[in-house]
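Student: Not my notes, these are from TrEMBL:
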- A:E263: active site, proton donor/acceptor (ACT_SITE)
- A:H262, A:H266, A:E292: Zn(2+) binding site (BINDING)
Protein chains: 2
Amino acid sequence: MKEQEFLQELKEINLFQQALAILGWDTQTGMPEKASDDRGEVESYLYGLAFEKEVGPKIKEALTYFENRQDELSEVGQAAYRVVKEQYDLNHAIPKEKMEALSGALSKAHGSWQKSRASKNFADFRDALETNIRLTKELIPYWKKDEATDYDVLLNQYEPNMTVEILDKVFAEVREGILSIRKTLEEKGTEPNTDFLSRKMTVAQQREFVIGVVTQLGYDFSRGRLDDTIHPFMIGINHNDARITTRWDEHDFTMATFGVIHEAGHGMYEQSIDPKYQYTPVATGTSMGIHESQSLFNEIIIGSNKQFWKKQFPFLKECAPGTFDDISFDDFYDSLKKTQASLIRIESDSLTYPLHIIIRYEIEKLIFNGEAQVDDLPQIWNDKYEEYLGIRPENDLEGILQDVHWSNGSFGYFPSYALGYMYAAQLLEAMKKEVDFDKVLASDDYSPIKSWLTEHIHQYGASKKPNELILEATGETLNPQYLIDYMKKIYFDVYKVK
Amino acid sequence: MKEQEFLQELKEINLFQQALAILGWDTQTGMPEKASDDRGEVESYLYGLAFEKEVGPKIKEALTYFENRQDELSEVGQAAYRVVKEQYDLNHAIPKEKMEALSGALSKAHGSWQKSRASKNFADFRDALETNIRLTKELIPYWKKDEATDYDVLLNQYEPNMTVEILDKVFAEVREGILSIRKTLEEKGTEPNTDFLSRKMTVAQQREFVIGVVTQLGYDFSRGRLDDTIHPFMIGINHNDARITTRWDEHDFTMATFGVIHEAGHGMYEQSIDPKYQYTPVATGTSMGIHESQSLFNEIIIGSNKQFWKKQFPFLKECAPGTFDDISFDDFYDSLKKTQASLIRIESDSLTYPLHIIIRYEIEKLIFNGEAQVDDLPQIWNDKYEEYLGIRPENDLEGILQDVHWSNGSFGYFPSYALGYMYAAQLLEAMKKEVDFDKVLASDDYSPIKSWLTEHIHQYGASKKPNELILEATGETLNPQYLIDYMKKIYFDVYKVK
């Protein structure tokens with residue numbers, strides 16, 4: 001087997017995936033509503049062809065041949081080999097009927113979840129959730145390598161090399177840090193006024209503003225586009241085509257503004273992967289956590305920066321003539337950083353957000369490493385919200401039914417969100433050693449920030465693991481103290497805590 | 001071989017084609033500009049897989065097996081068999097190197113054509129055109145069945161069973177009819193005023209109007225969508241997903257209005273094909289000419305109707321408040337039907353349009369059945385414009401370089417446009433025997449018109465040939481007199497010819 005043959009097979013798999021990505025994008029951005037059955041046929045046919053190749057004879061042969069001959073591969077070939085081997089090892093031994101049982105259960109579970117949301121009653125989702133958990137538990141032995149616990153196995157599907165041991169420690173620190181900041185703000189802080197944030201900004205005005213902002217940040221519209229959707233996402237088709245999406249609320253411009261800045265962070269990552277990896281499985285983000293670190297770097301780290309807003313507030317006023325003329329810069333800036341306990345994760349602010357994640361992490365651990373019964377989950381959920389956030393859901397829709405993840409079997413995914421946030425804060429401190437962050441954001445040229453992220457993160461695609469990237473970029477392993485210090489700085493400033 | 005196996009193979013081919021259709025739509029409606037190389041890779045890979053199946057062992061086996069066993073096929077299977085056999089017979093014997101030579105030449109020719117448009121000089125396109133013609137001539141022997149002339153062979157690729165003998169006769173009648181109408185208008189007519197047509201209507205106003213109009217006409221937005229593009233088109237992915245596109249000019253609302261009405265006609269055809277044909281090559285329009293008859297029925301036959309505009313003019317005024325308040329209905333209606341000789345086909349009006357087509361038809365006949373030299377074509381083109389339309393291009397961009405067709409090898413395609421127009425006028429007369437056309441267009445319910453077209457044309461997809469459809473729907477073969485009478489009625493009315 002020659003490297004060329006291996007790479008050609010990977011390219012053909014990748015071309016199917018690119019076609020599927022466009023079809024998926026279309027499905028979520030404006031496919032005619034009645035086209036969904038036919039679309040399902042097209043997608044499952046192409047998906048099947050790609051899957052046949054992924055576990056097919058060529059790939060098997062390549063894995064065997066190159067196992068002890070990696071020196072015959074170029075650097076790109078070696079990186080591709082590692083990713084392919086990992087994916088193959090993960091899934092090839094699973095009996096087909098177990099895989100089909102899960103995929104059948106998941107598609108039913110989505111319907112049950114939607115039904116339960118309508119009834120606001122966990123009972124309508126309970127059986128489906130129990131089945132999802134049971135079938136996932138059955139797969140863990142096939143996935144398991146040397147992980148310490150079953151939940152570690154799930155974690156690793158989204159964040160390679162992450163462990164319960166690490167997370168227990170960092171989440172404890174983050175939780176204590178946030179609770180302590182919240183206490184200080186409550187006792188000594190002054191809450192900012194946010195009334196004017198609901199002033200009307202038309203979609204056209206918001207679009208002009210946010211397109212201007214993300215272009216300055218370095219999202220390249222000649223290799224991307226912005227479309228409307230219901231649940232915003234970024235989809236990386238290849239490094240020349242990384243598309244972002246948003247929804248709009250004319251009485252809350254912050255939703256689309258921070259949403260698009262967030263998705264643009266994902267898009268900038270995909271756009272900046274070294275083109276040498278194209279047509280291989282290396283040409284994508286390395287993990288959910290690292291991906292989220294890039295979107296949150298944009299949304300929170302840059303999007304909470306005072307110098308950034310000093311520069312952008314006049315542009316915002318230009319895009320919405322007259323709307324914010326009576327608002328001082330300081331009042332405007334402070335309004336963006338109000339914090340308040342809330343029940344819904346995706347509506348929460350950048351101080352309380354990690355608490356929502358920690359609650360889910362603790363519950364998932366109980367499910368897979370512990371003894372929690374499915375029937376007890378709503379009570380556990382609600383108790384934890386009361387304990388950590390001081391508020392209690394009035395119904396299951398405000399509680400355990402709010403997220404789609406468990407209905408589609410994504411157990412172990414949630415921690416990525418908080419990991420991304422911690423990575424982002426840690427990357428900021430490392431970046432500051434080389435880049436005058438505030439000064440750059442006050443200037444007309446934001447490129448030093450993107451260049452730093454591209455140099456240390458983006459370019460590598462999936463050729464390095466998350467822990468490797470963080471260690472090399474910042475000189476240390478994951479350290480939650482950066483996030484806690486960062487939160488203190490931002491919120492004590494806005495809340496005028498001396 | 002069982003029918004089921006044959007239909008399954010056709011379905012898989014069709015699923016590739018659906019994926020390719022979405023990719024093609026995306027390429028033309030907003031794909032990021034730098035994504036085109038990667039997109040080319042995806043498209044040619046999927047195209048190759050589809051082509052391998054189309055000429056592959058399963059299809060060959062099915063064609064052999066069912067050749068004398070068509071009674072083993074259902075009605076759908078039989079219709080599919082006929083279409084597949086025709087396509088296969090047309091192309092399977094062509095040596096691969098001849099096919100590749102043509103496809104290589106075409107992709108170069110497109111570049112030459114674009115270059116020549118920039119220089120406005122035919123010389124830059126000459127060699128590429130000569131090559132396209134030569135390579136096409138080399139394929140004609142492989143395509144030829146029992147056609148009387150080489151050009152008949154090309155015609156039949158777009159309009160099965162159409163012949164030079166028929167076209168010579170009907171085009172002579174149409175040309176004489178139009179020239180005679182134009183003479184009458186010039187001598188006795190009063191030209192309508194069109195000044196106010198350039199009044200500004202925003203894209204949003206135009207969009208509201210035209211979406212309202214095509215929805216009333218029967219285009220189903222739950223099985224379609226409208227997007228912006230540079231060269232408007234309709235693409236039928238399946239009967240639940242037939243998408244239309246347009247471009248906008250804020251100082252000429254008629255462009256997008258008639259453009260969208262036109263494309264919606266194509267879309268309504270694809271949306272109304274009997275679903276029993278889905279996943280087979282029968283599930284599409286039967287010919288370019290019949291397809292064009294449906295778009296032109298919408299755009300010209302309905303779009304020139306006085307009762308239609310009596311109903312729609314108030315809606316237009318509602319969409320563009322104040323813009324046309326000072327314009328009487330009669331002045332407005334007349335303005336839409338001004339006729340004037342023009343050099344550019346796609347900007348021409350509904351009286352002179354067929355002359356543009358006839359000129360191209362005569363030149364294509366000279367190229368393939370006659371002795372025209374490539375170097376003489378610009379002169380021939382210009383002379384014919386002077387003869388038929390009384391105006392002469394000042395450069396080749398206004399003349400022979402205006403259309404893309406010859407650069408992509410579509411010789412024999414042009415007549416479809418005029419055929420569609422003649423079919424549309426003939427269908428109108430047949431429809432009028434069952435539907436009170438003016439009364440329906442004056443009412444709130446246009447469905448009787450679409451129902452008639454679906455019953456007689458749309459539902460059959462490609463299961464009937466154009467001449468069969470026209471004969472069954474109208475009781476006679478193609479008769480150009482309906483078009484001439486129709487033009488007289490419309491233009492003598494607008495130009496107040498007593």
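Using the three backbone atoms N, Cα and C, a Cβ is placed for every residue, glycine included.
The model shown is predicted, which means the values in this text are computed figures rather than measured ones.
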Student: Just how many other Cβ atoms lie inside 10 Å of the Cβ on A:H262 (Zn(2+) binding site)?
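Tutor: Other Cβ atoms found within 10 Å: 24.
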Student: Just to be sure I understand the packing, how many Cβ atoms besides its own are within 10 Å of the Cβ of A:H266 (Zn(2+) binding site)?
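Tutor: Result for A:H266 (Zn(2+) binding site): 23 neighbouring Cβ atoms inside 10 Å.
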Student: Enumerate the residues of the same chain, A:H262, A:H266, A:E292 excluded, that satisfy the criterion Cβ within 8 A of the mean position of the Cβ atoms of the recorded Zn(2+) site; list them in sequence order.
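Tutor: What remains near the Cβ centre is A:M234, A:E263, A:G265, A:H291, A:Q294, A:S295, A:L296, A:N298, A:E299, A:G420.
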Student: Going along the chain, which residues six or more apart from A:E292 (Zn(2+) binding site) have their CB under 8 A from its CB?
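Tutor: Those within reach of A:E292 (Zn(2+) binding site), by Cβ under 8 Å and sequence separation of 6 or more, are A:S416, A:Y417, A:L419, A:G420, A:Y421, A:Y423.
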Student: Same chain only, sequence gap of 6 or more: which residues have a CB within under 8 Å of the CB of the residue listed as 'active site, proton donor/acceptor'?
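Tutor: Same-chain residues close to the residue listed as 'active site, proton donor/acceptor' (Cβ under 8 Å, separated by 6 or more) are A:P232, A:F233, A:M234, A:I244, A:T245, A:T246, A:S295.
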